[in-house]
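This report concerns only the one structure given below.
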Amino acid sequence: MVIVTDSNFLDAAGTLRKGLLYCDFVAIDFEFLGLDVSAISLHDTVESRYQILRDNVIKYRPCQLGLTLFKQKSNRAYKADTYSVPLFQRFGDNDTSISLPSMRFLVKNKFNLNQVFMDGVEFCTRKEFKKFERALLAGTAASYLSREVKSQIELLKVMVHEKCYQSTSYHITHRTDEPMQKIPLKMKPNSSVSLRMPRNLSSVEKYMIIYELTKAFPQFLFTCDEKQQNLHVKNISDDYLKEKDNLERARARCSESVKGVSAILQVVHMTGKLVVGHNSLLDAMYMYHYFFSHLPANYQMFKDKFNALFPRIMDTKLLAQALRFELPGVGDSLENLGDYFGSDKSDKTVPPELRGFIEPWMNPLEDESENVYHNAGFDSYVTGEVFLKLAHIYINRRNNFKNEILDFDRIYQYLEAPILNRLPFQLMDVGCCYLTGDDSKGFRPDVITIVRRDRVAIEEDEFRYLEKALGTLMATYQFDIEWSKNKKELFLATNSPGSYAFLCEKFSNDSSLAPLDELDSGKKWTFEQRQTAWRSFKNRGVGIGINAKRIRAQNQATKIQRAMEI
């Protein structure tokens, strides 16, 4: 894994761009400064869930980006380069929040928060970058800098005068911009002077200082040494540069440092590479909001705009769910999948060329200390590795192929129809977020409608008691309860047939409350009948609106009645 920080980002950017041009696909993962799931409910519609996730993205910034570039070689085996990039935006909107539970979780998993805040790589949206570019051209970009850094720039201008020209006391004591315009400073050919740079500067601050000095002294070339502690000054004529080219080069370097890692994701967009993630809807939203443009106000617009930027994205969680019978007990979490495919247990399920660790491609294996889950770099590698292995199992078994390695183009062709541009929703009655079409239907049990047997309104005290009692009763089983606007109905949402049947049976035996479908039909069903006929009505557009409750109850009763007759 290569750790890319603010200190070495501009040096590593060239290798990253080259890798993106030649790789077959890129796996991406983010870590965030927080994630608030308290507002998420099983009752959410796609629009309400999008708004909850959007609020999270805006509230908590990303703190780490993981990129792994995968390349299939001539022998069909794969190579991969992994990059771990701490993220820290110094010059954008400073309004952000930090979740202490999330921070404790990251630190527990050996996450280096100090690296984020001290050496995180800059990033920005397109709008933020254009604003900076305008300021740069207008000569007002120094407004992005602190007062302390501005003072250091003025001090360095004076030091350039002292080092490069024997000025009179008049020139030393007056404003430095006056002698810059009137007195041509020159140095002896092939000679240089060194100035001490301020400590603890970000790359943006460093290149802004160089740019401001170049504007003041375009006849000089300013460069920093490897340790970035000394500023070297020499004549541009020694490098056969013109003043205009010298200033343009300093300006371009300044712009590149401000754009930061956003420029790398721009390359992903421009090359149209396949992007692979795991449970990646939130990652997609983070990538859009912080590196391209602010998230749209509604869900459909997000789908359209994100797909325009990244027309090819696949998610390993959906592949794992499709293979749940072929890989029993493995599950669909990244850790479980990574552990399974990293062990000998998986050797018989994947081609020999994919067994074990995928070797580095263009970069040596620099640092294994961060090869832990919840490091975005390592997670991106595991995501890509899991994707390749799941894809081969899926394609080979669905088509009765031998356990053989496939060309990447064939993998893409086989997965295009069932997997491409589909991102999983968690705890929702929707199959997935389909970026290029209508979202697929989910497989969750119907919402249970509970009413009083005498059909009168449910009092608030009774609702609060039920809410607390059911929370204790259901323990770790997922469920959510809502109260209708007319106070006469309770809506219970579950995520499994067993919990659905359990709640139906509980209220079927209750003396004061009952499932609406039983009261309407005059029939009562057993736990087993409920468990095998739990899906009766599904309409994505209706959701759980008031007008649909009666239809749902009637359809549910009809479905269960048919099951009894069989």
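Heads up, the Cβ atoms here are built off N, Cα and C, so glycines get one too.
Here is what Swiss-Prot records for this protein:
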type: BINDING; residues: ASP29, GLU31, ASP283, ASP379; note: divalent metal cation binding site
type: SITE; residues: LYS317; note: site 'Interaction with poly(A)'
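Mapped onto this structure are the features recorded in Swiss-Prot.
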| residue | record | DSSP class |
| --- | --- | --- |
| ASP29 | divalent metal cation binding site | strand |
| ASP283 | divalent metal cation binding site | helix |
| LYS317 | site 'Interaction with poly(A)' | helix |
| ASP379 | divalent metal cation binding site | helix |
How far is it from ASP379 (divalent metal cation binding site) to LYS317 (site 'Interaction with poly(A)'), counting Cα to Cα, in Å?
13
Alpha-carbon spacing, ASP29 (divalent metal cation binding site) to LYS317 (site 'Interaction with poly(A)'), which is rounded to whole Å
13
How big is the Cα-to-Cα gap, in Å, between ASP283 (divalent metal cation binding site) and LYS317 (site 'Interaction with poly(A)')?
13
Excluding ASP29, GLU31, ASP283, ASP379 themselves, which residues in that chain have a Cβ inside 8 Å of the centre of the Cβ atoms defining the divalent metal cation site?
ILE28, PHE30, GLN64, LEU65, GLY66, GLY277, HIS278, ALA376, SER380, THR383
Quick check for the class: what is the C-alpha distance, in angstrom and rounded, between LYS317 (site 'Interaction with poly(A)') and GLU31 (divalent metal cation binding site)?
18
Tell me which residues of the chain lie with their Cβ under 8 angstroms from that of GLU31 (divalent metal cation binding site), as long as they are six or more apart in sequence?
PRO62, CYS63, GLN64, GLY66, LEU106, PHE111, HIS374, ASN375, ALA376
